[in-house]
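Residues or ranges marked as domain 'ABC transmembrane type-1' by TrEMBL: 20-299. According to TrEMBL, the domain 'ABC transporter' annotation covers 333-567. According to TrEMBL, the transmembrane segment annotation covers 12-37, 52-74, 135-152, 158-175, 243-264.
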Amino acid sequence: MLQKFFAYYKPYKTLFLVDFCCAVFAGLLELCFPLVVNKFVDNLLPSGNWSLIFWACVGLLAIYGLNSLLQYIVTYWGHQLGINIETDMRGKLFTHVQKLSFRFFDNNKTGHLMARMTSNLMEIGEMAHHGPEDLFIAAMTLIGAFVLMLLINWKLALLAVIIIPGLVYLSLYFNRKMIYAFQRMFKDIGEFNTRVEDSIGGVRVVQAFTNEKYESERFAENNEQYRQTKFISYKIQAQNSSISYFLMRLVILFVLVCGTWFVIQGEMTSGEFVGFLLLSNVFLGPINKINSVIESYPKGMAGFKSYLELLETDPDIADSPDAIDAGHLRGDIQFSNVTFGYENEAKVLRNIDLRIRAGETVAFVGPSGAGKTTLCSLLPRFYDAESGTITVDGIDITRMKLASLRGQIGIVQQDVFLFSGTIRENIAYGDLHAADKDIWEAVRRARLDEFIRAQPEGLATVIGERGVKLSGGQKQRLAIARMFLKNPPILILDEATSALDTETEKAIQQSLSELSAGRTTLVIAHRLATIKNADRIVVVTEQGITEQGKHLELVAAGGVYSKLHEAQFGS
Ligand code: ADP
Ligand code: MG
């Protein structure tokens, strides 16, 4: 996993090297200071040579100046490195997640996906920057300081480090506790993202049912959970930092006592003593740093693990290696012996055989839940059939490139999904490079032109999140305009007008018949009035396709269709 992680450094080799070298250099400079002070106290102070003292101070000033410049580079460039890697990962993940199949989204919560793309990756970015750099520098300063301490007085140096194993043990102990807390935290964040998504996204429903209190209470639960997890992690952090602070001060106190003793015994000079004390501080600093790396490592790695998991989830449905470009399709569709179920055991469709000729309009009717939508969603390969084949113009759809297949199928559904943005952006979703002229043509054919002209902003009118500022009919017309622009040879109308009142439905029906002219059209409808004129009506029930034929034939046949007809129109 680390190898995969380091692969992300590759584009930023130079940045990493520069940052790393500067950090190493800064670490070395930090070690100089105690040595200079040592010489200062032992040689310069007794000599009383002011000019030498002056130059020593100038030297120190230079060291500090240089070091502060290095700090700048390390902080700025180092964070750039981290954020670059984070951005790359996020971009890659987003692109990948978009390719995942419907089935994946059926089974994963948006909130969790969001958490993986935001907070998780931030932790990874932090670790990418601080991890290797801090660890290396800390180790270097630690060893450097220890060597210098040994050189000054090896006995005192050895006495000073006896406490280290205790500190290491403590770190590891708290680290284990932290990993657990972070895993819980990620889960909590995902959970409450999901809550926010649901409750705020569905706020209109919430208010309509006046369930604000209920939602707040449910949210409070998640919120509280998160707080508790955070409390736990801060408690562990606090315990860790207070105990290690105390132990470290103990080291200093110990050095102070033993050092004083050594100085009195004439084992070391006062300058060496002061230098040694300062070095002990430098020596203890990295322990804190290593502690914080050890702390960020599990966070980052937990994030990276879930990142990889998602990135390595293969889309169930993708182009096969030898997929072909379908070319322009006429829309001659053949379902042969198609069986499909969402969950393995329960089959929604069994052994379906159906031929739809190019240009034909076929209507699907039947009880809700019979599988009409499912049948239609197999055609653009939102799901793949378990067995059997579907061909368009004689080519198996699994052999076609997905883009060339889906590019030639247009779908208008009952609930139109509009993106927050302008009318123009939403229509141009059907053809991202459409010229204004073509957009207006589509708008005119969808009979939306009058409405748009009445808006002060015209096509640039902002329609709000998911198009909340439009009426149901306007949304549907927008979806139709989008389809005129896309101009696909195959069209699926899935209860496109079911949510509308009869007046609006009638008006939109006209646009829809115009839209379906010259295309192979699959219409799903529960109001039979809207499909009377279809070339063929196919009745889908739990038993599969039970009847098909023209309207009058089916009414006369006295089957399911005639019963539906009776229910809607009387006999
Ligand atoms: P229709 O369009 O005829 O009303 P659908 O095709 O939407 O029916 O649904 C057929 C059956 O498949 C229903 O029992 C429904 O519960 C189930 N179903 C639909 N979509 C999914 C899904 N994404 N995951 C699991 N089951 C589904
Ligand atoms: Mg349906």
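Keep in mind that glycine also has a Cβ here, set from the backbone N, Cα and C atoms.
Among residues of the same chain six or more beyond the transmembrane segment (12-37), those with a C-beta under 8 A of the stretch's C-beta atoms are 56, 59-60, 63, 66-67, 70-71, 73-74, 77-78, 80-81, 84-85, 132-133, 136-137, 140-141, 144-145, 148, 271, 274-276, 278-279, 282. The average pLDDT the prediction assigns to the domain 'ABC transporter' (333-567) is 90.
For the transmembrane segment (135-152), the list of distant contacts is 20, 23-24, 26-28, 30-31, 34-35, 38, 158, 160-161, 268, 272, 275-276, 279-280, 282-283, 285-287, 289-290, 293: same-chain residues at least six beyond its ends, Cβ to Cβ under 8 Å.
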